Structure formats: structure tokens, C-alpha cells
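The structure appears right after this line, and notes come after that.
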Amino acid sequence: MRTLWIMAVLLLGVEGHLMQFETLIMKIAGRSGVWWYGSYGCYCGAGGQGRPQDPSDRCCFVHDCCYGKVTGCNTKDEFYTYSEENGAITCGGENPCLKEVCECDLAAAICFRDNLDTYNSKKYWMFPAKNCLEESEPC
């Protein structure tokens, strides 16, 4: 019950492209980003510090780094454009900044899919921040 409440609170704050990111993760990895990656390891979810704990957590680290390189738009609440053709998703639109945000999200969704076998909910779901105190590697 507590987990459901936490997820409901997280969803209340989701606007703009974060819902698009959730959709991309569902389409590509076949998993809910909120449920699977909303609080996983040291980098999946809000914030991020320390060393990525496994390849799935590294997907979130790389995603955070990707967002850090985007300038000129809000990475969390502006909508971007993408298209689907024959199962392939392509980021587009007139705004180069939002296209970059889409490409960050798309790369993360593909990374999650490619690392489903490394996902370890028993070990890294709701991972305590006190275990993420090692020095972070550079992006």
C-alpha cells in the first residue's frame, strides 16, 4: 500500500515529456519506467550520486549525463516530437533542444531494454542513498 501511495505522489508531479519518457520505456523495454526505474540504484529516479550499481543503473547515469549536456529548453516538462515507423522510433521536430531531450530518452529506453537481464529489484529497488556515497565518475 505504501508503494502505491509513493507512486501516486510521483505521478502527480509528472508533466510534459516525463510522460513521453514513460511511454518510450513501455514501447521499447516493455516495462513501466515509474515502477521499474522510479527508485532504483543510485541514479534511477530523482537525483543521482555515487557509482552506478549495475548496467540498469548505468542507463540512468548516462541519461542524467545526457540531460546535463542539453541546453536551451527544460528537460523535464516540455513536449518533444517523435515518430514511429515499422517499430523504429525517430526523434524529430523543429526544436533542436527538444530533439536532443527525445534522443536522451530514446537512448535510455533502449539501454533499459538491452539490460533487462541485469535488473535486480531485490538488491537495488529503493536502494538507500547512504550506499551511494562513493565519488561519482565523470560523465
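Cβ from N, Cα, C; glycine included.
Residues or ranges marked as active site in Swiss-Prot: HIS63 (among others). In sequence order, TYR43, CYS104, ASP105, ALA107, ALA108, CYS111 constitute the residues six or more apart from HIS63 (active site) in its chain with CB-CB distances below 8 Å.
Positions annotated as active site by Swiss-Prot, on the basis of similarity to another entry: ASP105 (among others). In the three-state DSSP reading, ASP105 (active site) counts as helix.
According to Swiss-Prot, the Ca(2+) binding site annotation covers TYR43, GLY45, GLY47, ASP64.
The disulfide bond annotation in Swiss-Prot covers CYS42-CYS132 (among others) and rests on similarity to another entry. Residue environment of CYS42 (disulfide bond) contains 26 other Cβ atoms, counted within 10 Å of its Cβ in all protein chains.
Under the heading disulfide bond, Swiss-Prot lists CYS44-CYS60 (among others), citing similarity to another entry as support. Non-local contacts of CYS44 (disulfide bond) by the CB criterion (under 8 A, 6+ apart in sequence, same chain) comprise TYR37, GLY38, SER56, ASP57, CYS59, CYS60.
According to DSSP, CYS59 (disulfide bond) is assigned to a helical segment. Summarising the annotation, Swiss-Prot assigns disulfide bond to CYS59-CYS111 (among others) and lists similarity to another entry as the type of evidence.
For CYS65 (disulfide bond), the same-chain residues lying six or more positions away in sequence with a CB closer than 8 A to its CB are CYS139. Annotation comment: Swiss-Prot describes CYS65-CYS139 (among others) as disulfide bond.
Long-range Cβ contacts of CYS66 (disulfide bond) within its own chain (separation 6+, distance under 8 Å): GLU100, GLU103, CYS104, ALA107, ALA108. Per Swiss-Prot, disulfide bond is recorded for CYS66-CYS104 (among others), and the stated evidence type is similarity to another entry.
If you look up Swiss-Prot, you'll see CYS73-CYS97 (among others) marked as disulfide bond, on the strength of similarity to another entry. Every protein chain considered, the tally of other Cβ atoms within 10 Å of the Cβ of CYS97 (disulfide bond) stands at 16.
With a cut-off of 8 Å between CB atoms and residues at least 6 apart in sequence, the same chain places TYR80, THR81, TYR82, LYS99, CYS102, GLU103, LEU106 near CYS91 (disulfide bond), listed in sequence order. A strand conformation is recorded for CYS91 (disulfide bond) in the three-state DSSP classification. The disulfide bond annotation in Swiss-Prot covers CYS91-CYS102 (among others), and the record cites similarity to another entry as its basis.
What Swiss-Prot lists as signal peptide is 1-16, and the listing cites experimental evidence.
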Please name the residue among the disulfide-bonded residues CYS59, CYS60, CYS73, CYS132, CYS139 whose C-beta has the most neighbouring C-beta atoms within 10 angstroms.
CYS59
Cβ-based neighbourhood (8 Å from the centroid) of the Ca(2+) site, residues TYR43, GLY45, GLY47, ASP64 excluded:
CYS42, CYS44, ALA46, GLY48, GLN49, CYS60, PHE61
Least surrounded among the recorded positions, given as TYR43, GLY45, GLY47, CYS104, ASP105, when other CB atoms within 10 Å are counted:
GLY47
Hey, how far is CYS132 (disulfide bond) from GLY45 (Ca(2+) binding site), Cα to Cα, in Å?
13
Compute the C-alpha separation of CYS42 (disulfide bond) from CYS97 (disulfide bond), stating it in Å without decimals.
27
